[in-house]
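Student: First the structure, then my questions, so here it is.
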Amino acid sequence: MAEAVGAVALIAAPARRRWLWSVLAAMLGLLTARISALEVHTPKEIFVVNGTQGKLTCTFDSPNTTGWLTTVSWSFQPDGTDSAVSFFHYSQGQVYIGDYPPFKDRVTWAGDLDKKDASINIENIQAVHNGTYICDVKNPPDIVVRPGHIRLHVVEIDNLLVFLVWVVVGTVTAVVLGLTLLISLVLVVLYRRKHSKRDYTGCSTSERLSPVKQAPRKCPSDTEGLVKSPPSAGSHQGPVIYAQLDHSGGHHSGKINKSESVVYADIRKD
């Protein structure tokens, strides 16, 4: 009996090992397939007035939902240094703030992991807070991530007003220059079109329809010969009656008017 049980156990052992390896391979494949790069988005730089609250905005994109394993860490790299100091950590709904003096009792959580927002607020910002802030988010299995960097500038209220004035002046100047350039281009185009029409040497429609005045050709006719021929001796020439005809279509007609003298009768008395 014992020998039979041992034989069954020996036969089942390889099958069990194959089953375990299959399960592990499937789990590993599923885990590998779900791993993807988590993208963090932050503004490149922000300006905050000295003594006011500043919000460091940080959002992220992840194909996986957030949960208890999602963590957020903020670090600070002061100006002129190469190393960063971690001063804020958020995990499982809890906020952990370090003992770094510039941020003690100044930092509050302003994000919402359900909306994939990892922002924070810093109260009473001072000149010591000038530097680069680093937002790092982990959302397993999304572990491949590039942190976001924000360059924070602390400015005085007077400097900020001057900066805003220069921004407005620059914007208005750019708009005025753009409009001036556009108007100049339009005027140049209209000027060229106008002068191109003046320089055109072809015949226009009005020119084709306008009459050309020519010197009347004198063609001797019988009547003119009779009129101009000197009277023969002993003959008595009577009065010559002339008439002037106006070959026009009417007073308001657009036709060309032409007038000429026609000899209608030559009365002679012998």
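From the backbone N, Cα and C atoms, a Cβ is placed for every residue, glycine too.
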Student: Would you mind telling me which one of Asn64, Asn130 Swiss-Prot calls N-linked glycosylation site?
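Tutor: Record lookup, Swiss-Prot, feature N-linked glycosylation site, residue Asn130.
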Student: Tell me which range among 160-165, 172-177, 262-267 Swiss-Prot lists as motif 'ITIM motif 2'.
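Tutor: Feature motif 'ITIM motif 2' in Swiss-Prot: residues 262-267.
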Student: Going by Swiss-Prot, tell me which one of Cys58, Cys219 is disulfide-bonded to Cys135.
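Tutor: Recorded disulfide partner of Cys135 in Swiss-Prot: Cys58.
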Student: Could you count the residues of the domain 'Ig-like V-type' (36-151) that DSSP puts in helix, in strand and in coil?
Tutor: 9 helix, 60 strand, 47 coil
